[in-house]
Ligand SMILES: *[C@@H]1O[C@H](CO)[C@@H](O)[C@H](O)[C@H]1NC(C)=O
Ligand SMILES: *[C@@H]1O[C@H](CO)[C@@H](O)[C@H](O)[C@H]1NC(C)=O
Ligand SMILES: *[C@@H]1O[C@H](CO)[C@@H](O)[C@H](O)[C@H]1NC(C)=O
Ligand SMILES: [Cu+2]
């Protein structure tokens, strides 16, 4: 028992050291992470994405967000991804000046990937039903990626 558990402990320490060594060796640019928005819930009506951002963050420059949602049919409601121009439009779910990021069919399969290239606030919303998915459906969140240099802070 003693030997077994200490052997296990040694092998755990060894693999931890190996992982640490690999992390040091990896160049900065390849350290970006990939996040499925909403995890198992994916991109859907009624999920609290603001809460998801708090739990998953911080996000860093060059991290990838993956939006996954089924294309609409007789039983599945349409979703989409828009980016709001500013905080005021985001708060009020006003889509007038919003930019289409991914249409209703683009979340299918492996999902739609968005790379967080810029260190600015990204105001993501679902644009369906004239903003109702954004207001009532809570399909909205803000991500402000940090500089990759801060990843180890
Ligand atoms: C982000 O990725 C681009 C393209 O791969 C690269 O040129 C840039 O240096 C990266 N930026 C950071 C902060 O990692
Ligand atoms: C969603 O989560 C945020 C952050 O945890 C919280 O402040 C907010 O009240 C939640 N919204 C709802 C409708 O529960
Ligand atoms: C609608 O799409 C969903 C998810 O892709 C699928 O499971 C379902 O069978 C489809 N229903 C119809 C009526 O095509
Ligand atoms: Cu939606």
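Every residue, even glycine, has its Cβ placed from backbone N, Cα and C.
Annotations in TrEMBL come from automatic prediction, not curation.
TrEMBL lists 33-147 with the feature domain 'Phytocyanin'. As annotated by TrEMBL, signal peptide applies to 1-32.
In this model, the domain 'Phytocyanin' (33-147) carries an average pLDDT of 97.
DSSP assignment over the domain 'Phytocyanin' (33-147) gives 25 helix, 29 strand, 61 coil.
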